[in-house]
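Take a look at the structure below.
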Amino acid sequence: MEHLRGFIFCICFFILAALNGSVEASKQFKVGDHIGWQQPGANNTEVYTQWATSKRFHVGDSLSFEYQNDSVLVVEKWDYYHCNINKPISSFDDGNTVINLDRPGLFYFISGVPDHCKKSQKLMIQVMGLHQRAESSPGIPNTPEVGLAPGPHPSSSGIVVTVTLTSVFLALILTVVTMV
């Protein structure tokens, strides 16, 4: 009887550990979706800003830049705003560049082709922490620099009760252990 109780406890413990540690898989985003990384047309200068604000980037995700006869420069904030191509943090010109987002915060990218940046071929993204499970995923804070909207907020007119699968399993374990 004692062996059965220990066995049940171990199985439940491993299930709980697996559930508590789960995170979403990392994602790879193709910059610009179908247009890729290129100089925007005169009527579409906000394409990369709009693209970035429609996505949620997390540590562990990556950006895929696909381009021809161009380049991607990872730059500092000042260089981004002034389209300075002279002091990049990193420079790529292979036509298919994948950049891993390895930390939270702002990332700045510009084209290395003279004048492309001035014609809006630049990208600024906000990277959040690691992916969380859907039930515990925080909203993106409002970041005026990037222009992101805040995440949804629960209604203040009702009481929000959250029951996680973990708490249900914990109750089940306690019930089984006390019955045995």
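From the backbone N, Cα and C atoms, a Cβ is placed for every residue, glycine too.
Annotated features in TrEMBL:
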SIGNAL    1-25  signal peptide
DOMAIN    27-129  domain 'Phytocyanin'
TRANSMEM  158-177  transmembrane segment
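Summarising model confidence by region, the domain 'Phytocyanin' (27-129) averages a pLDDT of 96. Per DSSP, the secondary structure of the domain 'Phytocyanin' (27-129) breaks down as 19 helix, 38 strand, 46 coil.
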